[in-house]
Structure formats: C-alpha cells, structure tokens
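Enquirer: Please read through the structure below; I'll follow up with questions.
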Amino acid sequence: MKPPRPVRTCSKVLVLLSLLAIHQTTTAEKNGIDIYSLTVDSRVSSRFAHTVVTSRVVNRANTVQEATFQMELPKKAFITNFSMIIDGMTYPGIIKEKAEAQAQYSAAVAKGKSAGLVKATGRNMEQFQVSVSVAPNAKITFELVYEELLKRRLGVYELLLKVRPQQLVKHLQMDIHIFEPQGISFLETESTFMTNQLVDALTTWQNKTKAHIRFKPTLSQQQKSPEQQETVLDGNLIIRYDVDRAISGGSIQIENGYFVHYFAPEGLTTMPKNVVFVIDKSGSMSGRKIQQTREALIKILDDLSPRDQFNLIVFSTEATQWRPSLVPASAENVNKARSFAAGIQALGGTNINDAMLMAVQLLDSSNQEERLPEGSVSLIILLTDGDPTVGETNPRSIQNNVREAVSGRYSLFCLGFGFDVSYAFLEKLALDNGGLARRIHEDSDSALQLQDFYQEVANPLLTAVTFEYPSNAVEEVTQNNFRLLFKGSEMVVAGKLQDRGPDVLTATVSGKLPTQNITFQTESSVAEQEAEFQSPKYIFHNFMERLWAYLTIQQLLEQTVSASDADQQALRNQALNLSLAYSFVTPLTSMVVTKPDDQEQSQVAEKPMEGESRNRNVHSGSTFFKYYLQGAKIPKPEASFSPRRGWNRQAGAAGSRMNFRPGVLSSRQLGLPGPPDVPDHAAYHPFRRLAILPASAPPATSNPDPAVSRVMNMKIEETTMTTQTPAPIQAPSAILPLPGQSVERLCVDPRHRQGPVNLLSDPEQGVEVTGQYEREKAGFSWIEVTFKNPLVWVHASPEHVVVTRNRRSSAYKWKETLFSVMPGLKMTMDKTGLLLLSDPDKVTIGLLFWDGRGEGLRLLLRDTDRFSSHVGGTLGQFYQEVLWGSPAASDDGRRTLRVQGNDHSATRERRLDYQEGPPGVEISCWSVEL
C-alpha cells in the first residue's frame, strides 16, 4: 500500500473487488471504510455472460478517507459500464476513442499520477481500479458491468470468480444464472476457500435448461473463528458446465433480429496427425524451463495416437532433427523419442528462422514422397522463450519467410514461455499460418500448461469448415470459414437477420473428413426462438445483438494482427465504430471516469494488450518481490536441509531464504559425510537434539583443529542420544478401518512391493487406486486414483495434486483449500493438506502428503462398508473375507490374518493416525507389512 501523499489529510484504504469485492487493507474498524454490501449478478445466456458487480461502502471515520475500488475481470471480457453514486449524484464512465482520451491520460502522467485504471494481473485476469474521496459518514455505490463470451475448451465452459473481501461484509451475495436452450449436460462448482462452515452458503439448483448458483454467507460463516473478526474468504469460485449436443449441424438461436450458430458435433472420428515439435533449447531455457519442457514433451509423446506421425526439431544456435523424416508413432519410436527428449540440454543462441524452415521442409519432403496419410492434418508446434538472436533476427523477415514456406498447407501453433518472450511476434507468426499463440506462464505447473495446450489440438475432427446461410435471410455475418475443428472446442458464427427474411433460418455446414467430404443441415424457427428467449425472467434480454458485436470486434482485432498494412486501418476503424456504438472498452477505446468537481479528473481505463505484458511490471505469483521493492530488508542467502532432497539453497524473488531448526544439526549439515551405512535421507533427523557436553569431560589425547573437535564431539553425542532414545512413532502408509469394526484399524506398509502396485480396485464402485512405495522413505512416492463415473484421474505426488477430467489437468498445491463438486464426486482439501475424495454412494479415499518422519504420501479409507464383494488389490483384499488366527499363548499382541488363502502377520503397535491431518494422534492398531 502506498503511503498517504503529504499534501492530503485523508488516509487511504483499498477496496479490491475480484468479481466479488476485495478489500486489500485491514478491517473497517481500523480504517473507517466499511463495505456493508457486496453483490455480483452474473447472467449467462447461451454462453454470453453479463456480469454486474455492485459495492456499497460507508466512511465511518471522522475524517475524509480515500477509497479505491479495485476488481479483476477476465482478459477476454469487455467493460461496458462503470458508475459511482455519491450523495445521490451518479458519475458515469464515458467511453471514448483512445486518441480522444489521450490528453487526459497524458496530463495525469505528467503530474506523476497513475492514470491507467486497467492492468494485467496473473494469467487470465485484468485489474480495474478507480479512487474517490469519501466524506465522513458518506456512502458511495460503485457499479461495474462487463461482458464476455464463454469459450469452450476441452469440452467445458468456465466462469471464474475471485472471492477475497478481506473484511467481514454484512450483506454479501453472489448469483450466477445460466440459461442454455440446448440443455445443460453437466454442471460443477469448485472453490479454493470453502470451509465446513461455508458449505451451506453455496447452493446449486438445476433443471434441463437452467441453473442457479448462489453464494450467500452470513457474518458468522465468513469469520475465521468466533474470536477473530477476519474473513476466511480468500480464493476462487469456478463454475464449469457443458451442453447437450449430437451429430448435427449445431444449434441456431435467435433473439431480437440477431442469431448465433454454435457448432461442435459429437461422434466424429479423430483425424490422423503429422506433428513436428520445434523445441527451443537455447541458454535462456536452462534450469526449470528446460526441465519442465522435457517433462511435458515426454508425456505429450505418450499421448500420440498410433495413427500419427511425428518428429522432433531442437534448436539453439543451430537446428537439429531427431530423425531424417517423419516416423510413425509406434511404441518403439515413442520410447526412443522419450529418451531423446529426456536428454535435451539448454545452451547457445536462438535461431528460430532456421528451425521453422526445417520443420516446413520436413513436411514438404514427406508430402512429396507421398508419406503423409490421406486426410491427415499437419501441425507444427513451436515452443520458445525468447527473441531470435542467431541467423535471421528480424521478426518481420522471419514471419514472411515462414508464411511463404507454409503457403497455407500446414497449421502453426506458437507457445511463448514466460513474460520475456515477444508475444506479438509469435502471435502474428501463428495467425499468419492458420494457428494460434499461447503464453506458457513460468510457474510450478508449466509442464501441465504445455500438456493441456497439446490436448486442445491433439484431436482434429474436421478441416475446411464453412457455414452458409440464405442470402435473403442474413446479413453482417461474422467469420464463417475455419481451417480446423478440434475435439472439445466449438465454432461460433453470429449475424443479423434480414428485416423481412423467411420464417425459418436454414444453415449448411460443410467440412472434410479423412476420406470424404461431409455436409450438415440444420434449421431454426425464428418465431419459436424469439419466444424462447423472451420467457426466462431472470436472463437478461437483447443479449444476442451484443454477442454479435462482441464476437465481431474480437475477430476484427485478431485479423489486424496478420493483415497487411493497407488493410489494418480499415479493420481498426470497423472495430472502433462497433466498440463506441456498443460501449465496449477495447484496445481501441478508453473509459474516462468522471468524479465530483472538487476531485481530480485524471483517471482513464484502457484495455491492456497481451503483447504488452513484457513491458509491464506484473508478478503473478506471491507478493514477495513487491514487498522488497517497497524497501524492506532483504534477507541474506541461507540454506535449508530436506530429508528428501538434502541441502538446498532456495532462491527467493529478491534474494534467498534459509530455514534453520534451532538446536538441530547433523554431521552432514556441518559439511561432513554421514556414515556409509546411513542413507542420505537419514542424515538429518527432526527428533535429534545436541546435548551440551559436561565440563568434566576427559581431555582429548591429541590437539585437533577446534572446529573438527566440536564436530566430533557433536557427532559422538548425537549417536549416543540416538541409541538411548526410543524410535519415534511413525505414520503408516495406509490406514484401513476393519470390516464390521468401529474402532479397530489396520496400519499397512507394503514394504516388500516393488514398482507400481494395484492398491485397490472395485469395478462396481468404479474406482481404482495405484501407487509406488519407496521403502527407504517408508511412504508412497505417488498415488493415482481413477474414477469411472465421472471419468476423473487424481494423481498425487509430494509436489502437488493433479486432477484430470475431459483431458484437462489442474494442479493444486498441498495445504491449499479446495472444494470441488461434480456429479458423482466431491473433492475437498483443507489447510492441513488432507485431500478427501467422496460421494454419498462411494468409499471415501483420503490422500495426504506427510512431511514428518518417513516423508511421503499416505492413504486412508472411510465408509468402507460401501465396497462391493468384487473389491480387490493389495489393500482391497482386506475387505474380502478375513480370518483371524488365535493370539499366541505368550503374546496377545500378535495375530495371523488369512486373506484369500495367504497368511499375514499382524502386530499390535502404537502408530500415528493422520486421518484428521497433521500432526497426527497416537493410536493402537494392527500393523501389517506386505
């Protein structure tokens, strides 16, 4: 937070809204500004979302306060209106041509003030901000409206809402209404802030075509605890859904003289691909980037279809092909390519031009030799993190060279790694050649971002798709021809109907399959469609015209990227005129925020461009770097030790950090090797403590270096303590409630199993659990849970949890709150890091990353009475008929279990129960090693 300016007597408080409001300071009691009402109303009609955010604040202080309204909205959205109501007067935002607003913007910059109200934040969001002075006891109402067309990606439409009030709000309500005439096929919600107290505040109602999601927490539900006046709301609320569809010409919807045509047919066979991966391995890709690229590339290669052909080109100063020509994606070739990808090292310059021309030549030669399968699709996928530095370095020349070489025969997709990449260069390179560009954000999930992008283009269904409508029925149609349709995506065409057109709108959609052309026919009654969109009371009306304008502007702006210089101005003029006519804040317009006469009139809202990100000081991760920029002391570089990784010097954003455990020290930490029979992970023990040697200790017989002497004494004392102290109680790898028992449990460790293990499977439950056990760590290195209905994969590792559905993967860090509800499955994770996978009809499976002794993943089961009689697996076998042997005469703490004809020894032991999360509770259980 910036300090108050000396010339003003008022203090400053931020009110940050992210769809809901976000108050970025402390509570109202301290600052005087109180958000007493926050509402968001989002109405989605046929994928077009109209969102209104309203915040009402009051200044309860005795002095003037400055309130800053700040909210986040999706990058693809256009702001359409902003207003403030102060003392009964409405002060609207006025949308103007950007050049017209430039004078006000420049005047503000000349005064050293921040005039831009919108800036990029994070990956897919932009931040809107405006400030105003608030008199004592005065009330202000802020209202912001924006609109967007939800894009189908990997079979899902997604609406993202950030929830971060940072103070308790008396009236906090969020309503999302969805109306889809095609029918809603599934609906799911996910949040990263939900607690057990908040579950009842989120309600979902759904019928065939409508859905209503409401979030309305009470004051007590918002509190972290009854004793704290701080809010627990801090995270994302995500709504995902899809609609019913069939093999048809799509769905035509009509309202108020405009129409929209959605096309995403089901049941088409995926076309074979010819894929050339062009991978940057220049020096700037070293470290985490190249590591994640290798990881993603290996998994992408595994996803290739046997019908596909592929090759790899890696480049730095020079470009190199993995194989002389395209090779089939056979198991043998994929395994060899995986080995090659695993050995890619980063070094040298960036020769993009030669690498791209080599990729085109590779496809050309295969085409000339008739080695491309009939009806196949040829793709080039480029991954780079920087500007060209070797060979041809002029971006325009490279774009021209590639465009001439491709000549419209192949599709090029460009992935820009990080914020230093020239995104504008890559975007034009891709759009010139029938593809698209995507920024890969440098983060812990970069490999997943790469894999998800590949999944978007991995399954082409149709090529050369064209939409045709009767000339006497429509006018002003948006783009109606497309190069490729991919599985999980959707083509959208919108237009205006003729005033006296026919009563029925017909459409013909044609495209190419691998071996034949295909034509779809569809029609829609104008009168019936008009009536359908007028009937729902809670869906906003006259949206279709705005959808058409929104889509037209987006496409015109995209066309300017690859248009010639002569055509660019005409395209911009068309987009500008529509932006002004429909009050959209786009890259060509600005919104001037008006204020009372006694306040400065210098704030202007402009739409950021994706290509401008490299010039903006934006940090999408934590606020660590921002903290140091504000003058805080930077800690000295320090080191930490992990039982799993050993010594590690952790680099922070502005320096390094060190984690010391007072009084804990091992010989390895002092720079000496541990004993040869002690594995690396045992060199450090969290329970060891160094005792002070008594003053009467006998003198040494020689005079070694004092530092060495201290080390020797410490090591001797540590060894002595280890032999005298009982081994600490450990957490088992898996905790299994015994069938028919309410208290007794099995604590199971599969110590004698090697490689991936089928832990349990139940075909009637539709669940399977596999994992890999590491004997040295006495825990699992990974666990994967597969559900058949819904089809979901949950892969847990010590780093994070990855959830995959509809070929789309999302990563979640341990101990981050998660609450996801979909038909047939609920996933929850709290701050302890306990992940629960449950459903009223399913066994509950719990996963936990245990970072205590025996670091690794842990597994637990609940509601095991729901297992069917067909359950099996290393752990599942204990839910078949289990026979207990009689206690040994001399020791009732030992029993024998007979399961499926095999005997297992069970010992009564004290273990740590982690079913409620760390640090665990000591329990007595029957311990079994498998």
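Here the Cβ of each residue, glycine as well, is placed from N, Cα and C on the backbone.
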Enquirer: Swiss-Prot pairs CYS747 with one of CYS414, CYS925 in a disulfide bond, so which one is it?
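Expert: So the cysteine that Swiss-Prot bonds to CYS747 would be CYS925.
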Enquirer: Nearest to CYS747 (disulfide bond) by Cα distance: which of the glycosylation sites ASN207, ASN274, ASN577 is it?
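Expert: Of all the candidates listed, ASN207 is nearest in space.
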Enquirer: For the domain 'VIT' (29-148), jot down how many residues DSSP puts in helix, in strand and in coil.
Expert: 16 helix, 78 strand, 26 coil
Enquirer: Using DSSP and collapsing to three states, where does CYS925 (disulfide bond) fall: helix, strand or coil?
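Expert: The three-state answer is strand.
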Enquirer: Going by C-alpha distance, which of the recorded positions ASN81, ASN207, CYS925 is nearest to ASN577 (N-linked glycosylation site)?
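Expert: Considering only the listed recorded positions, the nearest one is ASN81.
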Enquirer: Rank aside, I only need the closest one: which of the recorded positions ASN274, ASN517, CYS925 has its C-alpha nearest to that of ASN207 (N-linked glycosylation site)?
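Expert: Ranked by Cα distance from ASN207 (N-linked glycosylation site), first place goes to ASN517.
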Enquirer: Count, for each of the glycosylation sites ASN81, ASN517, the other C-beta atoms lying within 10 angstroms of its own C-beta, and report the residue with the smallest count.
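Expert: Each of the glycosylation sites ASN81, ASN517 was scored by Cβ atoms within 10 Å; lowest is ASN517.
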Enquirer: Which of these glycosylation sites has the least crowded Cβ, counting other Cβ atoms within 10 Å: ASN207, ASN274, ASN577?
Expert: ASN207
Enquirer: Rank aside, I only need the closest one: which of the glycosylation sites ASN81, ASN274, ASN517 has its C-alpha nearest to that of CYS925 (disulfide bond)?
Expert: ASN274
Enquirer: C-alpha of ASN517 (N-linked glycosylation site) to C-alpha of ASN274 (N-linked glycosylation site): distance in Å?
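Expert: One finds 20 Å between the Cα atoms of these residues.
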Enquirer: Quick one: mean pLDDT on the domain 'VIT' (29-148)?
Expert: 83
